[in-house]
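Read through the structure below, which is laid out as structure tokens, and then see the notes.
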Amino acid sequence: MSKRTDGARRAARIEHALKCPVCGNPIRVEEDGRLLCRDHHSFDFAKQGYVNVLTRPAGGHYNKELFEARRRIMLDSGLYAPFHEAAAEWIRQMPVSDSRPAVVADIGCGEGTHLHRILEKLGGLNVAGAGLDIAKEGVQLAARDFQSAVWLVGDLAQSPFSDGSIHAILNILSPSNYDEFTRMLAPGGRLIKVVPGAGYLRELREALYTDERRTYSNEDTIGLFDRHFRRTETVPLRYSVRLERSQLEDLVRMTPLSWSPDPEAVNRFLDRESAEITVELDLLVGEPRD
Ligand SMILES: [Zn+2]
């Protein structure tokens, strides 16, 4: 089966959760490998197996190299493994129906490893994954390597998900749109938002910066979450991972922190065999306030 056909078949499993991003009508997955609404808006699956539902072109700060660095470090280092286990554990606790698969949507999925790994841990549950990101370079990598989910290039502000259709929203180190999250969530559904803690990648921040970027506070982000969602649980994750030199290089490449560091500081940071790197993440779990 071609990746295009395969991608369309996976989308057919979550057809009930999809709508046309242009007119909002329900959308069907056609056998020829495209999404089609009754007003004839149509979106073709690409040969890599993803579908682009953007209604206008998007510019972005991300590039392929960043996504590839992120991919390598996630697959090789276990940097986020405890987080994947915690997120899967949360989803496993949620009630799922026996009929239609419950949809787990990763909003801002990037190159897809987080969602893929979490879905792997949910094997046996009647769930289907969908990853949405505005950066085509990320979604292409996801579709190339992971046949575990439906991969969509799209804009969260004009999303292809229908009202009340999503069982769990993952929003991992990525911007939020709480109105859209509220609209998309199914009754009893949960938002699982992951925010960095103050010590997240501390060693990297301290090595690369001398200014206020050395420290980080997640207070504003959490405050915004709490204004829109009622928090039902907070899972703090604190651990460290030893990274080899090549992984440290990827770490520098993969993070937006690296957009403008002093090259000398980068060289000093990389001039070592390995380093212990701190991971501090907070999982905020919540339901819409209204
Ligand atoms: Zn339409």
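The chain as shown is numbered from 1 upward.
Note that Cβ sites are derived from N, Cα and C of the backbone, with glycine treated the same way.
These figures come from a predicted structure and were not determined experimentally.
As annotated by TrEMBL, domain '23S rRNA (guanine(745)-N(1))-methyltransferase N-terminal' applies to 19-54. Taken from TrEMBL, the feature Zn(2+) binding site covers Cys37, His41. As annotated by TrEMBL, S-adenosyl-L-methionine binding site applies to Tyr80, Glu111, Gly112, Tyr200. Annotation comment: TrEMBL describes 104-189 as domain 'Methyltransferase'.
TrEMBL feature annotations superimposed on the structure.
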residue: Cys37; record: Zn(2+) binding site; DSSP (3 states): strand
residue: Tyr80; record: S-adenosyl-L-methionine binding site; DSSP (3 states): coil
residue: Glu111; record: S-adenosyl-L-methionine binding site; DSSP (3 states): coil
residue: Tyr200; record: S-adenosyl-L-methionine binding site; DSSP (3 states): coil
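Here the domain '23S rRNA (guanine(745)-N(1))-methyltransferase N-terminal' (19-54) has a mean pLDDT of 95 out of 100. Less than 6 Å separates the Cβ from ligand 1 in the case of Cys37, His41, drawn from the binding-site residues Cys37, His41, Tyr80, Glu111, Gly112, Tyr200 in sequence order. Summary: among the binding-site residues (Cys37, Glu111), the fewest other C-beta atoms within 10 A of the C-beta are counted at Cys37. The C-beta environment of His41 (Zn(2+) binding site), restricted to residues of the same chain at least 6 apart in sequence and closer than 8 Å, consists of Cys20, Val22, Cys23. The record assigns Tyr80, Glu111, Gly112, Tyr200 to the S-adenosyl-L-methionine binding site, and the maximum Cα to Cα distance across that set is 21 Å.
Applying an 8 A CB threshold to same-chain residues 6+ apart, the list for Tyr80 (S-adenosyl-L-methionine binding site) reads Met74, Thr113, His114, Arg117, Val279.
The two recorded residues Glu111 (S-adenosyl-L-methionine binding site) and Cys37 (Zn(2+) binding site) have their Cα atoms spaced 27 Å from each other. Using DSSP to sort the residues of the domain 'Methyltransferase' (104-189) gives these counts of helix, strand and coil: 29 helix, 29 strand, 28 coil. Within its own chain, Tyr200 (S-adenosyl-L-methionine binding site) has Tyr216, Thr278, Val279, Glu280, Leu281 as residues 6 or more apart in sequence whose C-beta sits under 8 angstroms from its own. Comparing Cys37 (Zn(2+) binding site) with Gly112 (S-adenosyl-L-methionine binding site), their Cα atoms are 27 Å apart once rounded.
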